[in-house]
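Here's what TrEMBL has on this protein:
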{"type": "SIGNAL", "residues": "1-25", "note": "signal peptide"}
{"type": "DOMAIN", "residues": "31-113", "note": "domain 'Inhibitor I9'"}
{"type": "DOMAIN", "residues": "146-626", "note": "domain 'Peptidase S8/S53'"}
{"type": "ACT_SITE", "residues": "ASP155", "note": "active site, charge relay system"}
{"type": "ACT_SITE", "residues": "HIS228", "note": "active site, charge relay system"}
{"type": "ACT_SITE", "residues": "SER567", "note": "active site, charge relay system"}
{"type": "DOMAIN", "residues": "673-772", "note": "domain 'Subtilisin-like protease fibronectin type-III'"}
Amino acid sequence: MKNHPIIVFFYSLFLIMRLGSFVSCTEETKVYIVYLGEHNGDKTLKEIEDHHCSFLHSVKGTTSKEDVRPSVLVHSYKNVINGFSAVLTPQEVDMISGMEGVVSVFHSDPYEIRPHTTRSWDFVSLLEGTSLLNSREELLQNASYGKDIIVGVMDSGVWPESLSFNDEGMEPVPKSWKGICQEGVAFNASHCNRKLIGARYYLKGYEAAAGPLNETRDFRSPRDVDGHGTHTAGTVGGRRVANASAIGGFAKGIATGGAPNVRLAIYKVCWPVPDQSLAEGNACATDDILAAFDDAIADGVHVLSISLGSLPQSTYYTENAIAIGSLHAVKKNIVVACSAGNDGPTPSTVGNVAPWVITVGASSMDRVFSSPIMLGNGMIVEGQTVTPIRRRRLHPLVYAGDVEIRGTTASNTSGTCLPGTLSRHLVRGKVVLCLNNVREASMEVKRAGGVAAILGNPFNEIQVTPFLDPTTVVFSYSLATILTYIRTEKNPMATLVPGNTLIGTKPAPVMASFTSKGPNVVDPNILKPDITAPGFNILAAWSEASSPLKMPEDRRVVKYNMQSGTSMSCPHVSAVIALLKSIHPDWSSAAVRSALMTTSTINNVVGRPIKNATGDDANPFEYGSGHFRPSRAVDPGLIYDATYTDYLLYLCSQNISLDSSFSCPEKAPMASNLNYPSLAIANMRGSIRTVTRVVTNVGKDNSTYVLGVRSPPGYAVDIVPKSLHFSKLGEKHSFNITIIRAQSSVERRNEFSFGWYTWSDGVHVVRSPIAVSSA
């Protein structure tokens, strides 16, 4: 199931009672972050905290600064990020907002940001092209398997005993590492090693907002009770583990992370939501996340992998912890990869949209878990599952809508096997056909005495689930076939055939139905997501404190588990970033993003356009620049570079200032002029718009690149010059892109049209997508 953020307004009676000595019980108190920018290095740690407490002292009216520390101050950010979080009333927030040096003050909502929840690396190699089938191993060798690169994983913690995190044969911890192995419940210094070189946990913000941690549900330590953090960490940098598989032996093979020798630093920021099961997601407090950024930057990570997010709001750049924290990280040349979100296929849902992060969508690979249904007439119907099934005899087959308890469903819910809707008398001993693919449907069939469930799936890819009871999932066309059989056969019968793993299915990849889509609601002039990678039915390490379903009814324990989400695609890209940083340590964060984006592909393994979950051709609002191709990204030819100053100039276009040391020019540049590897122009007024891009030669000396263009329908694209000659590495050239709206074009407002342009020297093809809409 998907673990994407649901925005909830949280009011904390606990805090009002706890802080009654400071505020009236009728005043609403919440945890707020007071963001002050960046430290200039002229204060000691004590002086920094004293300075932060001085703000609280002035609004609380306490007799001394010390009075505010234990009960009001939550976090004091002292390393790179300058700011603090504290328990405040709205009136106090207003007072602090007007004080000198304050950039922004915003609520730390513990429920706003949540997690976005083997074969994948072999499949990625297939997309490199037939001449590059050995490209992955060559890439790993050239990058020394990422051995000197430190990747920080911000998530729900780690299960350190997993074989994916063993350090056998690894070299000593890099001397650049400055972090710690924070001890806690069921976690001590011995759990860190040369693979897991550091671990921290962040609980102050969560507890200030949600009350004390229920220690029967999670560990007060970096240990992972959920599984999500262990899975993402294993996908980035898990060691090679033979004979790994999901429950039932599915997907059996060598489990490996993308960069097997990379060093991992764990930052646990997500905790169980009170009174909800783990399956319903975790809460990741905004101020805890900012504290983790502050530590990770100071610890010396090279890459941050963040499979968390929320639906962005209009205040995104000034109030989102991931956006703010990642800007500080990028200033230190730390590359930040983030998941795009799991709110697709609805448009305008893509999250983590800051142009300084790499935003990753999710797509499938060429592996399915076949579990057909045999009908009583001998017909075989395609199905898929990772649920262990024993071969059974034929049983009576019924449609759920025909065996419901009267009055428990409406016309739009009939047949969906909602909890408490099926009649035990009519279901016992039968196979039940349900219209939807959710774990609760399978559980309802079991509750009513059914022997097996067949669940319907509306999309052209099936997200498999390790159900507790015999269950398989079918496509909508197979659902119709089975339903017709039930309606026309006097005594319909069926049985489920035990599943197996099939490799090489085509076409692949297909965009996942859940992957969040553009356009970017914060600023549609920045095209997001940036790229797509495998995020569908991914096998990786798992917490043995969790179960495959993360539900109370599921008491199974597994070492590896199958998960889907942009949470899974993000660490695929993070791993490749680590390899690129190893090969090109001098590359900037923007250079790494550019290399990944401009070498990606928009075609599947059979050379046809990548499709989306409904069978249509996908577009850049789903896959960004395309599906990443790691080995090609090592040698992209040209890159679109950008600096911290470029991002501040971009923020000027949004009328935002996050750095008091930087002054916006009198005339701010257009957002579309940011030197980004893709081009988006939203709500174009008039018939013509010109933007500029600059490319840097990282390919070879004495090379000439020739232009190729496919204009978006309804527009003409004119790029000048038509060729670029480079005499040496590092040389830069600029070019102008003019978008001309065709006079005959009749476009609806905000309706985007897509195209692309390329630069090629005969060896490299540097491709950039174009998205344009007219006002």
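Cβ atoms are placed via backbone N, Cα and C, with glycine included.
All TrEMBL annotations are machine predictions without curation.
Note: the domain 'Inhibitor I9' (31-113) comprises 28 helix, 26 strand, 29 coil (DSSP; helix = H, G, I, strand = E, B). With helix defined as DSSP H, G or I and strand as E or B, the domain 'Subtilisin-like protease fibronectin type-III' (673-772) counts 1 helix, 60 strand, 39 coil. Counting only the Cα atoms, the space from SER567 (active site, charge relay system) to HIS228 (active site, charge relay system) is about 8 angstrom.
Taking the Cβ of HIS228 (active site, charge relay system) as centre and 10 Å as the limit, one finds 30 other Cβ atoms among all the protein chains shown.
For the active-site residues ASP155, SER567, the largest tally of other C-beta atoms within 10 A is found at SER567.
Cα to Cα, HIS228 (active site, charge relay system) and ASP155 (active site, charge relay system) are separated by 7 Å.
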